[in-house]
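Read through the structure below, which is laid out as structure tokens, and then see the notes.
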Amino acid sequence: MNKQIISFVLLLLFSCLVHGEDPYLTFEWKVTYGTISPLGVPQQVILINGQFPGPKINCTSNNNIVVNVINQLDEPFLITWKGIQQRKNSWQDGTLGTNCPIPPGKNFTYHFQVKDQIGSYYYHPTTALHRAVGGYGPITIYSRALIPVPFDTPADDFTLLVSDWYTNSHKSLKGLLDTGRSLGRPDGIVINGKSGKGDGKDEPMFTMVKGKTYRFRFCNVGMKDTINVRIQGHTMKLVEMEGSHTVQNLYELLDIHLGQCLSVLITADQNPKDYFIVATSRFTKESRVATATIRYANGKGSASPLEKKEAPEGWEWSLNQFNSFRWNLTASSARPNPQGSYHYGQINITRTIRLVSTAGVVNGKHRYAINGVSHTDPETPIKLAQYYGVADKVFKYGLCKDEYIPPSGNEVITIAPNVVNVTYRNFVEIILENHEKSVQSWHLDGFNFFAVAIAPGRWKPEMRQNYNLLDAVSRSTIQVYPNSWAAIITTLDNAGLWNLRSNALEKQYLGHQLYFSVNAPNTSLKDEYNMPDNDMLCGIIKGLPHPKPYSI
């Protein structure tokens, strides 16, 4: 560590001791290129401290996380912390709407708190197409010691980051999109950066002891496809999904859509030998499969040959599985509003925002749009433009309307920063309509929401009578099936600028995202933190002094 970082860490530790703050965890990450072979073909990937996937952040609810990211790539780089709500602190969200990217050869220190959260998450790059070649890793937030968990402590805790994968470089993939072409089909699937051959000769990724129970955390960190997972010969008990304890149903197969994380319990109750973890692409013309090996301690025998055991074709089965997920209302857990969150179905909706996703061609290049607006990131991040009072020089509010009727002819698409003004602490209903032929997946920064319904067709107000207003899972990602809609409801109680984006990398890069600007009526430290002293400046505000800070 350099002297500045050491001084910063010492200052944080002193503050923790004097003010009785929650514990601090500090990390220093060097982001570099490296050559490995996830699919057996040598290729350039993005490493963090020489690792792919990157280092795991193990922390406890309310811990303070300090990560000094040193960019040793040849391009600007930025990381977001997917699912971490960054309460009052969108300055640390790491999207191109909130932060300037870290220039090559420079560093930026993130400082955030995992306030009132538990569960399974991950981090990933938000610049260019860097996510296509790594730079991602897991985040696990454990409950504090005094908070009961609705299952016995497992013998061990394993994380599996599953992803579709391309063998082309991120620059080649970006070149395809910049010239109006598509990424095409992925070349394969990886599990924790590897794709087992399934021939019984792979080294085990995990070891279990017969009779003991283990926690497996799955996240789909991919770019294009839903991935179905199973563990050969074993039943999975679902216990958590993106920070919410669930009703503990049993599954043999689980669909994990782009960006989604969940965890299951597995009991080692089979004949002691090797078994495969199987990850299979879903809703594709040709299934791609990857395996990882689990070995029983002192077991004898290789894993059995892969039997054909896939989820039924089509998405009806997947929709039925979604409807089986239920929030565990009897479990204690960290959450910002533990009382009101149990009764979300009794809160009056103050605003409905219906977001229709469409696609079209602009100047010979493919674009994706939300309510006719295809987002593009301005040189000056939106959050900084707001803070410095130059928003009118960077973007316009209100291009995206609450209601949108697609034209019957050719889609008219506006390419511009897509910013929606919303009222602080309003209880809103967001409808996501998918008019495409492929499954979509969406993520909302800054909040968890209640995924109350998914159904085919077009949404109408009378559809509300079919909402789950009792025990929908509180989460931050939601899938929308082809020619279908999804309804989510949430309280906008986190002041700041928050990104709603497609988890499909190609669609996100080509405009499938927007920002909700959640402004408190009074600029106060009670509602939102000040811009950090170390924040990077770029665009039209580069070199300007910091504005007057908020006060209490």
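We number each residue from 1, going along the chain as drawn.
Each residue, glycine too, has its Cβ placed from N, Cα and C.
In TrEMBL, annotation is done automatically, which means it is predicted and not curated.
Listed in TrEMBL for this protein:
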| type | residues | note |
| --- | --- | --- |
| SIGNAL | 1-20 | signal peptide |
| DOMAIN | 31-144 | domain 'Plastocyanin-like' |
| DOMAIN | 157-298 | domain 'Plastocyanin-like' |
| DOMAIN | 382-521 | domain 'Plastocyanin-like' |
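Residue counts for the domain 'Plastocyanin-like' (31-144) by DSSP state, with H, G and I taken as helix and E and B as strand, are 7 helix, 52 strand, 55 coil. In the domain 'Plastocyanin-like' (157-298), the DSSP tally of helix, strand and coil residues is 9 helix, 68 strand, 65 coil. For the domain 'Plastocyanin-like' (382-521), residue counts in helix, strand and coil come to 20 helix, 57 strand, 63 coil, using DSSP.
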